[in-house]
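Below you'll find the structure, written out as structure tokens, and then a few comments.
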Amino acid sequence: MRKDTTTTETSTLLRDNDAIIENAAVDVFESVITDQDDPDDNEDIRWLREERLHHQNKLWYEKPTVFLLSLALLLYFTSMGIQISAKIMLLMKQICRKVAEDHPDLSEEYINNNCRGPLVQGELSFLTSIVTFFTGAFSCLMSGKMGELSDRFGRKPILAIVALTTLLGRCFTAYLLMDGRTYHRGLFILSSVVEEMTGGNTVVVSVSSSYITDIVEPHERIVSLGFMIGTLYGGLAIGPLLGNIVIKYIGHGNDIYALYAGLVLCALFALILVFVIKESRPMKLRRKSQSTHLRRKASFTSSIHSSQSTSMYNQFQLWRIVDIFSPLKKLWIAKHPEQGFKPRINVLIMIFSDCVLSLASAAYTSTLVLYTTYYFNWGTDNIGYYVSMVGFSKSFCLYAVSPVLLHFLKKFLTIKKKSIDSVDLAVIFIGLIFDSLGPLTVIFAIQSSQVYLSAIFASLGALAGPTIQSSIVKYVSETQTGEVFGAIALIKNFILCLGPPIFLQIYSKSVATFPTLVFWITVFMFIISIALSTFLRSHKESEDGSIVTTIVDADEEEAAMLINQSDNGLFKAPSVGNSSRK
């Protein structure tokens, strides 16, 4: 079984964006029935609309557009997909040569015949677990921070920074995997860290979603987001097939040429971001976000100054830690005067189930490729076909199956806007059942075709995650959905940072005696998710339809006042003495 950092990133990326693509498809499917627009006249919306009106008089290449962004993202995700299987095979060959050097007592014939054996599998699993831990840690820490920086400094600079660091890391990786190079575990870990040190795929998707939100009107936004996420699945589906073509007809069997092709596409992505893509976030909103950030920082510093026991450096570090984890408080739903703790219990169960679901999925995908190279002797072509099948089948499921199923269920089951309902419970249960069939199919598979079948089951299981997330949103204020999703992503990234490395370590220790152990653990985790779903309970909504109270933060209102009072458009940082928080 063989899997590298790129495969881990792919599985996590697909899981995190299932909710966006499914909700987009549902909205498009039902748009002929309902066409509601809930206009918001607050200051942020007004500034965004002023900017959109200003862009209408410009040529297409002089303004931010969804088309140019989607074109750039298609290049990026294709560059990732094109390298997946090639990187795996190149790394496996290097480890095989390293094993031969470290074990001179073994014959050359034995080494060549066992390049997919337990020795190579063990080292590859250990390397992947270390890489997954470090890259997951960077993704966890940077995903929220880079999103905040994009609010303060703009979407384009953040996307460009991520593109350039990703390109730098991939160039380093390609150099390490060139013909004649000796395997070096530490350098490969370093190259993977460089590639992910600014958040990688997670930041690209989240900031791109914010970019589209800036330039598209609310009633058109969900369609544009679905179109953008479609490029994600399209790139991941086309990439492996394109990689196989490059290796066969240009590289004449040399896998390194797929990495070169990926570098070219990634470089084009960076060039388009730097020289073609235009900034989407209005200057006034950037100033407001910067003002809000400085006010929060100043308020925290002011309160900490009352204690003389810490140094200025420790104060700053403490503020940074608190700032990263501050969204978590949004997940602790307040006790409702009528429903009591039912909303909180439901939300906590759904969060736990979603995390278990994501961990099981990531751990399963992280070991599947290694297992298939070991048990079924898979090569570059087979891995590429499998990844492409996952991309195509997930796209079909989320764009076609999901909206039709939801539309059908809504005709016969009760729907609630502020509580989990019968439709949610049914879809979650169906999705979890299909998700559990994926690893079960691999466990009992005796042919490669049966492994491909597991990809279809996993794609049908993609229904559960998005439905859980959309159900959680029902329990929070609409003004806090971004923070809630950020908090959930923070928890899931932390779990995914530790979970896959642990599972890979288990696989490396059991591959020689019990290679399917990880898949049995995955099945057990799905059973836990199914069991937890039986504890979810729908309940009556309040007369006003609300479940939770809105938490108001005065910082944004004060920041907006500062922008309005600025006659010359220059930003002036607020003083510590003027900071306040409710």
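For all residues, glycine too, the Cβ spot is worked out from N, Cα and C.
Through the fold, the transmembrane segment (66-90) approaches residues 2-4, 6-7, 9-10, 60, 163, 170, 173, 177, 201, 204, 208, 211-212, 215-216, 224, 227-228, 231-232, 234-240, 242-244, 246-247, 255-259, 261-266, 268-269, 272-273, 276-277, 369, 373, 379-381, 383-384, 387-388, 391 of its own chain, all at least 6 residues removed from its boundaries and within a Cβ separation under 8 Å. Taken from TrEMBL, the feature transmembrane segment covers 66-90 (among others).
Annotated transmembrane segment per TrEMBL: 126-146 (among others), in sequence order.
Non-local neighbours of the transmembrane segment (158-178) in the same chain are 76, 79, 83, 87, 90-91, 94, 146, 149-150, 184, 187-188, 190-200, 203-204, 207-208, 211, 256, 259-260, 262-263, 266-267, 269-270, 273-274, 277; each lies 6+ residues outside the stretch with a CB under 8 Å from one of its CB atoms. Annotated transmembrane segment per TrEMBL: 158-178 (among others), in sequence order.
What TrEMBL records for 225-250 (among others) is transmembrane segment.
Annotation comment: TrEMBL describes 256-277 (among others) as transmembrane segment. For the transmembrane segment (256-277), the list of distant contacts is 61, 64, 68-69, 71-73, 75-76, 78-80, 82-83, 85-87, 90, 156, 159-160, 163-164, 166-167, 170-171, 173-174, 177-179, 239, 242-243, 246-247, 250, 380: same-chain residues at least six beyond its ends, Cβ to Cβ under 8 Å.
Here TrEMBL flags 345-371 (among others) as transmembrane segment.
The transmembrane segment annotation in TrEMBL covers 383-406 (among others).
Annotation comment: TrEMBL describes 426-446 (among others) as transmembrane segment.
Annotation source TrEMBL lists transmembrane segment at 452-472 (among others).
The transmembrane segment annotation in TrEMBL covers 484-506 (among others).
Same-chain residues lying 6+ beyond the ends of the transmembrane segment (518-536) with a Cβ under 8 Å from its Cβ atoms: 346, 349-350, 352-353, 356-357, 359-360, 363-364, 367, 371, 420, 425, 428-429, 432-433, 435-436, 439-440, 442-443, 464, 503, 506-507, 510. The transmembrane segment annotation in TrEMBL covers 518-536 (among others).
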